[in-house]
Amino acid sequence: MAAVDTFLFTSESVNEGHPDKLCDQISDAVLDACLAEDPDSKVACETCTKTNMVMVFGEITTKANVDYEKIVRDTCRGIGFVSNDVGLDADHCKVLVNIEQQSPDIAQGVHGHFTKRPEEIGAGDQGHMFGYATDETPEFMPLSHVLATKLGARLTEVRKNATCPWLRPDGKTQVTVEYHNDNGAMVPIRVHTVLISTQHDETVTNDEIAADLKEHVIKPVIPEQYLDENTIFHLNPSGRFVIGGPHGDAGLTGRKIIIDTYGGWGAHGGGAFSGKDPTKVDRSGAYVARQAAKSIVASGIARRCIVQVSYAIGVPEPLSVFVDTYGTGKIPDKEILEIVKENFDFRPGMIIINLDLKRGGKGRYLKTAAYGHFGREGADFTWEVVKPLKWEKPSA
């Protein structure tokens, strides 16, 4: 048999103790607190952090009574930042708050100061968003991204359950997968390289780190079929990684948008998700575009699909909707586009209702802020629900 043409593709992830991800989680914890008391809250909450300091700032209009400082400290503590030697002390760090109300110009243009019916609500800003899906995993997500993300989540799990007590909160993962292009569909052949850089305490040796990571992190996450004697492992390749979290690097909300989405596959319009209420189409538009792309692939209409939607501020109807199935569609893309338009309402007010996006609290949005917004399980991830699509198979 002739050798199959293959290529390498890499995706990375960071876990919840990474400074940028810490900021995403604080911003979404603030959003949860606002929506829990006032589902109509307008939230644009940014967070930044550096040694011994966390600042939340932005525009928030809400009837909720929000204790910003408590949310910051609780979120940092929940991640594991409980002393300066791990990178931040949740109970003693400086917390700065600079929150103002949403601009009345934006409020009028988008919501008509709450006088508009849901279908009349305009987009909160201009922009274009993408949704992507592929049949290469049960989650309809790229394998390189799924594995990198799950390695990061597993690192946190074995830290918190004390399987690997030497672990500290900060860490990064990266997975290179060897793929075959099957007429536009992506078929994973094997895992080429696994990279893990994790923060650790002073007591552990590099050999112990490598052995524990292989046994307790890599083995449970990466299916055996993808690993072989040629798979390369880089486990803390720089040597020591004791100083981490905000003490090691500054952090900022919205800096990990590829990790939040598809690991470099598909496309990205550039807008971050965390700290934004659902009238911000950066978030809600990307969520409905994912649901549309996933439903196309799950319905068997195509093996791989990308959907783009675009908006103008204050205008409810999207300016454009685009579908590309990379040549994997069972019917022409223009027919698939019509199916998408018939089955999905891209007006912001209707996305909010159909995906129940005003329901915050109980960590709903906080959950999205680490380990990806897509390919996740649970009732809170409403955009992952596949909509059954009717289509006519072309006669042979």
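Cβ coordinates are placed from backbone N, Cα and C, and glycine is handled just like the others.
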**ATP binding, same site as Asp170, Gly171, Lys172, Ser238, Gly239, Arg240, Phe241, Asp249, Arg255, Lys256, Ala272, Lys276, Lys280 - Swiss-Prot member from His18, His373** = His18
**Message:** Of the residues Gln25, Gln102, Gln108, Gln199, only one is listed by Swiss-Prot in the L-methionine site with Glu59, Asp249, Lys280. Which is it?
**Reply:** Gln102
**Prompt:** Per DSSP, to which secondary structure element type does His18 (ATP binding site) belong, with helix, strand and coil as the options?
**Reply:** coil
**Message:** Let's check the environment of Glu12 (Mg(2+) binding site): how many other CB atoms sit within 10 Å of its CB?
**Reply:** 20
